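Copied over from Swiss-Prot:
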type	residues	note
TRANSMEM	13-33	transmembrane segment
TRANSMEM	50-70	transmembrane segment
TRANSMEM	81-101	transmembrane segment
TRANSMEM	110-130	transmembrane segment
TRANSMEM	138-158	transmembrane segment
TRANSMEM	180-200	transmembrane segment
TRANSMEM	201-221	transmembrane segment
TRANSMEM	247-267	transmembrane segment
Amino acid sequence: MVDMKQRILTGVLAAIVFLFLVIVGKLPFTILIYAMGSVALFELLRMKKLKLVSLPGLIGLLLLWMFLLPSQYSFFEADGISKMEIALFAVLLLLTYTVLVKNTFTFDEVGFITLAAIYIGMCFHYFIEIRNLDQYGLTYIFYACVVIWSTDSGAYFVGKSLGKRKLWPEISPNKTVEGFAGGIVIALVLATIFQLVAQLPIPYIYLLLITLFLSVFGQLGDLVESALKRHYDVKDSGNILPGHGGILDRFDSFLFVMPFLYFLLALFS
């Protein structure tokens, strides 16, 4: 009972802070995303048992911050230097470090830090990019929340009541095929209702297609997080949110959904 109360209290407080800063947008929201991305990166490094306070950890953090940088602040790109060149320079530094420490920091760990910074940095970057879109940026964020949360809830309740066939037992034993499909159906229904209220500038058929893709990719993001935790033998990615785990535990679906939402909006606009 105490754990449930803690879980509810944490969820309510976190949702209030998150939604408030989403509504405010601009610099406060960007700072929130930077903070969340930094914590998420440290959660991944901790899974790998890499030192957080170290030169590789610092390089990984700086690389993450560079990927998170909103488009309007990419001042260095005006000088012909792209994020790709900076990422390459960071990789070269990490590879040099493996030599200096005589392989106590390995090539595999260079790859892990680089991939972690790209995965967390680029995916959270699109949170900022979508919020900074025209007058519908805020509405698109709420739309993504509706799709993800309705998919999660639909998958859980349909899976509990009708689930028989395991979706991927080696990765997430509790997920079922019926729950996976149920999450998509519930997301489509609630996205349709959301469109009736919000009136996004997207034809209904396109909205349904986007919702379908996002619901699927959101569940894939959840499975990827489950696979990571199972591989590194951890229950939760972190404990910054009591009763809910870490940032990765709560935003695994968003990390897959936000880039695809941005690309699909560009495709269908």
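Cβ from N, Cα, C; glycine included.
Keep in mind the model is a prediction, meaning the values are calculated, not measured.
The largest share of C-beta pairs under 8 angstroms with the transmembrane segment (110-130) comes from 50-70, of the ranges 13-33, 50-70, 81-101, 180-200, 247-267. Remote same-chain partners of the transmembrane segment (180-200), defined as residues 6 or more beyond its termini with a Cβ less than 8 Å from a stretch Cβ, comprise 136, 139-140, 142-143, 146-147, 150-155, 157-159, 162, 167, 207-208, 211-212, 214-216, 219.
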